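Reviewing the structure listed below.
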Amino acid sequence: MESKQGYTFTGPALRLLGYAGMIALVILAAVFFRERAWFLDIAYQTFLMVNEGTVQVMVNRFGSAVVQLLPLLAIKAEAPLAVVSLLYSISFPLLFLFFYWLTVKVLRNDRLGWAIVLLYTLIVYDAFYWATSEQQQGLGAVLVFFAYWLRFPRQDRRWMWLVSALGVVILAYYHPLIFISFFFLWAFFGLHLREKLVGRPYWLMAGGMLLVLAVKSLIFANWYDNDKYSTFSTNLVKFFPNYFDFPAHAKFLENALSLWYFFPVFMLLVTAFYAYRRYWLKLALVWVTGLGYLMLLHIGAPNATNRFYVEVNYMALTIFVMVPFLFDITPLLRERTLFWLFAGILVLRLVTIAAHHTPFEERWQWIAQRMSATPPEEQRFFLDEDSAPMDTLLMSWAVPYESLIITHCRSGREGVKTLLIHPDTLRFGADLHRDSVFITPFQTFPASILNRHYFPLPEQDYFMLSQ
């Protein structure tokens with residue numbers, strides 16, 4: 001049952017279990033740092049931090065700078081690149097652990113604390129290894145924000161309004177989809193607490209978010225988000241009225257039943273409970289938000305090609321289902337029962353996540369093995385996509401950066417090599433025979449941009465990688 005403090009459990013067991021779950025994520029991030037930090041965006045951002053010596057904020061998503069501080073400090077100290085990768089990998093779950101601590105210790109909200117724990121475990125499989133999405137960080141931050149509002153609902157001091165205003169801006173700039181979880185939580189707690197919470201400050205908070213979103217969209221728009229909006233608008237017209245024919249729907253259902261199995265279970269539990277108690281507005285909120293959110297995602301990406309990418313977006317569904325479960329159903333359960341339920345979920349999900357490392361390990365090992373089989377004196381290579389295992393998680397755009405980092409970590413700075421993979425390597429023509437360039441699928445750079453401490457590539461042509 002709920003304690004007199006409001007949202008805390010009566011005993012410490014569930015709180016400590018939450019800490020154990022979050023610390024376990026840090027340990028897994030350390031064990032599998034290669035699979036996480038040598039994969040796509042994190043490898044690319046590591047490359048940029050090494051060469052530019054500063055945090056890398058992409059498309060105005062400023063929240064991402066927080067998780068780059070530890071690896072950047074290591075780069076400034078010229079620490080081994082493997083240490084940089086390790087620190088980058090664990091920075092994400094360390095931030096999530098901080099979210100949990102702030103929620104349960106400072107803001108005294110065990111229920112939203114457990115929403116954070118479940119957010120990073122329940123609908124997480126590939127997403128653990130593609131850690132870089134700002135959406136993951138923003139979803140945790142929005143739960144902390146509402147824990148703050150439940151702690152200080154009256155907002156009767158100036159510093160409280162300052163925190164609220166800053167929080168709204170931070171959330172809006174974390175990721176373009178965060179506003180959906182924000183307004184779901186705003187509506188849910190408005191229904192849940194009614195006169196205890198809903199008043200002028202609560203409406204002003206929602207209005208503030210709308211204002212920031214409008215300013216961000218109209219004045220501070222960026223090319224990436226504009227491209228996403230354009231794709232969505234095009235698909236909205238192109239596929240009308242056949243929105244239920246998208247392959248993404250079937251893929252989601254299959255994955256929900258086989259990989260994210262706790263989501264449909266808790267969705268059914270919440271639905272049955274709300275129907276039995278006749279909480280029709282809450283039931284409508286859960287289903288309308290959930291189905292609307294899925295349709296929004298699938299119109300934007302009808303084929304849902306890369307599961308690791310779309311899974312990050314699906315993580316918000318955990319909030320839509322588990323917050324209602326935590327606030328309306330768990331108060332009716334004995335804490336001992338709840339402890340064993342959550343312990344079982346945590347163990348099963350953590351083991352499942354850990355066991356899934358193989359495809360992410362195989363991709364970096366392929367690069368490492370191909371590079372180690374080349375003559376030591378040759379350090380720049382190119383390969384046509386037809387000769388690479390592109391049916392795996394290997395993606396050609398990131399390989400030049402990944403190969404630099406992997407070879408440095410495996411063979412030391414003197415063994416650094418780079419590999420260019422492209423469907424048409426002939427287009428690089430003369431650049432392949434210039435001895436002072438670093439070639440990527442997007443752009444050819446002068447080799448002088450490379451940090452010589454980490455990437456001391458010699459002046460030489462690119463060699464075709466032998467079969």
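Just so you know, the numbers here start at 1 and follow the chain as drawn.
Yeah, the Cβs are placed from backbone N, Cα and C, and that goes for glycine too.
Here TrEMBL flags 12-33 (among others) as transmembrane segment.
If you look up TrEMBL, you'll see 53-74 (among others) marked as transmembrane segment.
Outside the transmembrane segment (81-102) by six or more residues, the chain places 18-19, 22-23, 25-26, 28-30, 32-34, 36-38, 42, 46, 50, 66-71, 73-75, 113, 116-117, 120, 131, 136-137, 140-141, 143-144, 147, 405, 408-409, 454 with a CB less than 8 A from a CB of the stretch. The feature transmembrane segment is assigned by TrEMBL to 81-102 (among others).
Annotated transmembrane segment per TrEMBL: 114-131 (among others), in sequence order. Cβ atoms under 8 Å from those of the transmembrane segment (114-131) belong to residues 14, 18, 21-22, 25, 28-29, 32, 35-36, 39-42, 89, 92-93, 96, 99-100, 103, 139-140, 143-144, 255, 259-260, 262-263, 266, 307-309, 311-312, 314-315, 317-319, 322-323, 326, 342, 345-346, 349-350, 352-353, 356-357, 360 of the same chain, restricted to positions at least 6 beyond its ends.
Per TrEMBL, transmembrane segment is recorded for 138-153 (among others).
Proximity of distant same-chain residues to the transmembrane segment (159-189), defined by a Cβ-Cβ separation under 8 Å and at least 6 residues beyond the stretch ends, is recorded for 60-63, 133-135, 137-139, 141-143, 145-146, 148-150, 152, 197, 202, 205-206, 208-209, 212-213, 216, 225, 228, 282, 285, 289, 293, 296, 313, 316, 319-320, 323-324, 327. Feature annotation from TrEMBL assigns transmembrane segment to 159-189 (among others).
The annotation transmembrane segment is assigned in TrEMBL to 201-224 (among others). Beyond the ends of the transmembrane segment (201-224), by six or more residues, the same chain brings 58-60, 149, 153-155, 164-165, 168-169, 171-173, 179, 182-183, 186, 190 to within a C-beta distance below 8 angstroms of the stretch.
Within the chain, the transmembrane segment (259-276) has long-range Cβ neighbours (under 8 A, six or more residues past its boundaries) at 122-123, 125, 282-283, 286-287, 290, 314, 317-318, 321-322, 324-325, 328-329, 345, 349, 352. The transmembrane segment feature in TrEMBL is assigned to 259-276 (among others).
Outside the transmembrane segment (283-300) by six or more residues, the chain places 180, 184, 187-188, 191, 228, 231-232, 235-236, 239, 243, 246, 248-249, 252, 267, 270-271, 274-275, 310, 313-314, 316-317, 320-321, 324 with a CB less than 8 A from a CB of the stretch. Look at TrEMBL and you will find 283-300 (among others) tagged as transmembrane segment.
Annotated transmembrane segment per TrEMBL: 312-330 (among others), in sequence order. Listed as Cβ neighbours of the transmembrane segment (312-330) (distance under 8 Å, sequence separation of 6 or more from its ends, same chain) are residues 111-112, 114-115, 118-119, 122-124, 127, 130, 133, 135-136, 139, 142-143, 177, 180-181, 184-185, 188, 192, 252, 260, 263, 266-267, 269-270, 273-274, 279, 282, 286, 289-290, 293-294, 297, 338.
Residues 13-14, 17, 20-21, 24-25, 28, 31-32, 114, 117-118, 121-122, 124-125, 128, 259, 262, 330 of the same chain, all 6+ positions outside the transmembrane segment (337-355), place their C-beta atoms under 8 angstroms from a C-beta of that stretch. Marked as transmembrane segment by TrEMBL: 337-355 (among others).
Counting residues 6+ beyond its ends, the transmembrane segment (12-33) has Cβ neighbours under 8 Å at 85-86, 88-90, 92-94, 96-97, 100-101, 104, 110, 113-114, 116-117, 120-121, 128-129, 131, 335-336, 338-339, 342-343, 346, 350, 353-354, 357, 360-361 in the same chain.
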